[in-house]
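So that you can see what the record holds, here are the features copied from TrEMBL:
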- GLU192: active site, proton donor (ACT_SITE)
- HIS9, HIS11, HIS189, ASP270: Zn(2+) binding site (BINDING)
- ASP271: substrate binding site (BINDING)
- 4-324: domain 'Adenosine deaminase' (DOMAIN)
- HIS213: site 'Important for catalytic activity' (SITE)
Amino acid sequence: MRLPVAELHLHLEGTLEPEFIMDAAARNGVVLPWRSLEELRSKYRFTDLQSFLDLLYVNLEVLHTRDDFEQMTRSYLRRAAAAGVRHAEASTDIQAHTRRGIPIEVVVDGVRAALDTSEDDYGITTKLIISFLRDRSPDEAVDVLTRLLASGARFDGIGLDSAEVGFPPSLFVGLYDLARANGLHVVAHAGEEGPPQYVADSLDLLQVERIDHGNRSLEDAHLVARLVAEQIPLTVCPLSNVRLRVVDDLEQHPIRRMLAHGLNVSVHSDDPAYFGGYIDDNIDAIVDRCGVTNDELARLARNSIDASFLDAEGKARLHSEVDVWSEAHSPAR
Ligand code: ADE
Ligand code: ZN
């Protein structure tokens with residue numbers, strides 16, 4: 001039995017495997033800069049966040065039809081089920097599609113078609129987060145959110161991602177005010193490459209409920225104390241952190257230190273097709289390379305459940321699954 005977890009930091013466009021990308025390009029008549037699967041595979045070496053985003057945004061241009069978005073989401077859910085994911089709060093970078101002329105409905109209807117049957121099809125409950133690109137204009141983000149709200153599309157929250165440094169949370173106060181006024185949940189990437197102040201500003205100015213990443217919070221003892229006191233969830237992505245050089249190598253990853261501080265951290269896969277694995281691969285990596293114990297794994301799983309937007313009943317159901325896992329993995333056995 002795999003550790004039962006909630007996956008809360010997952011970009012659907014980051015689940016496009018190279019084969020899917022090449023097939024969709026052929027199907028949709030998209031000419032990619034890469035001529036073969038081998039050439040595409042050779043591009044998966046990153047020096048920082050931007051070098052990864054450059055590849056991600058080219059590859060996602062193969063997505064054109066409602067069926068493409070449905071198949072992308074189904075492929076993720078199928079793989080996530082095998083990885084132990086019992087609840088997923090997946091995000092889509094909608095502006096990466098609207099800016100190239102793909103209608104909002106094509107994206108949302110396709111993703112929803114997979115999410116709406118995912119409990120029956122894959123045993124995974126889901127929520128949908130619409131992420132906004134911080135390196136595009138705040139006015140565009142407000143316009144897209146306004147159109148989404150008017151369209152009747154069903155989604156549960158908003159996020160903020162893409163290039164971080166130089167695009168502080170203060171730019172997006174209006175977007176987050178609009179989201180909260182409409183009863184949406186709010187999360188944001190912060191402290192991946194950006195400074196600790198971006199984490200504090202995401203809490204104070206955007207009033208986010210979770211921080212995606214948050215690694216650089218560790219540089220500020222006052223901020224750490226606040227995150228612990230308020231039990232703000234940090235959705236940490238170890239394999240992503242290594243591939244994007246947020247940490248030097250897995251052995252140096254601060255996940256155990258974060259737990260020891262009492263931070264509400266949990267482990268997620270970010271863009272699994274780009275960073276060497278899904279949530280099970282992230283978990284195996286921190287066990288093998290950081291020495292994370294079974295007790296710590298259970299803590300990480302429980303944190304992921306508590307940080308989710310599930311109701312009390314949904315959380316209790318998943319906690320009882322972690323109880324079963326813990327019992328089977330207790331030292332006495
Ligand atoms: N978009 C997809 N993955 C991301 C990440 N790790 N940071 C910022 N933007 C992203
Ligand atoms: Zn991310």
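For all residues, glycine too, the Cβ spot is worked out from N, Cα and C.
No curator has checked TrEMBL annotations; they are predicted automatically.
Positions of the features from TrEMBL, shown on the structure.
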residue	record	Cβ neighbours (10 Å)
HIS9	Zn(2+) binding site	31
HIS11	Zn(2+) binding site	27
HIS189	Zn(2+) binding site	28
GLU192	active site, proton donor	23
HIS213	site 'Important for catalytic activity'	27
ASP270	Zn(2+) binding site	28
ASP271	substrate binding site	23
**Fill in**
For HIS9 (Zn(2+) binding site), the three-state DSSP class is coil
**Complete:** Rounded Cα distance in angstrom between HIS11 (Zn(2+) binding site) and HIS213 (site 'Important for catalytic activity') is 13
**Request:** Could you tell me which of the recorded positions GLU192, HIS213, ASP270, ASP271 have their C-beta within a distance under 6 angstroms of some atom of ligand 2?
**Result:** ASP270
**Message:** Just to confirm my parser: what is the rounded mean pLDDT across the domain 'Adenosine deaminase' (4-324)?
**Reply:** 98
**Request:** Quick one: of the recorded positions HIS9, GLU192, HIS213, which has its CA closest to the CA of the residue listed as 'substrate binding site'?
**Result:** HIS9
**Message:** I'm trying to understand the geometry here, so how far is the Cα atom of ASP270 (Zn(2+) binding site) from the Cα atom of the residue listed as 'active site, proton donor', in Å to the nearest whole number?
**Reply:** 12
**Request:** Round to a whole number and give the Cα-to-Cα distance in Å for the pair HIS9 (Zn(2+) binding site) and GLU192 (active site, proton donor).
**Result:** 13
**Fill in**
DSSP, reduced to three states, assigns the residue listed as 'substrate binding site' to coil
**Complete:** For Zn(2+), residues beyond HIS9, HIS11, HIS189, ASP270 with C-beta within 8 angstroms of the site's Cβ centre include exactly LEU10, GLY14, SER91, GLY159, ASP161, ASP212, HIS213, THR235, CYS237, SER240, HIS268, ASP271
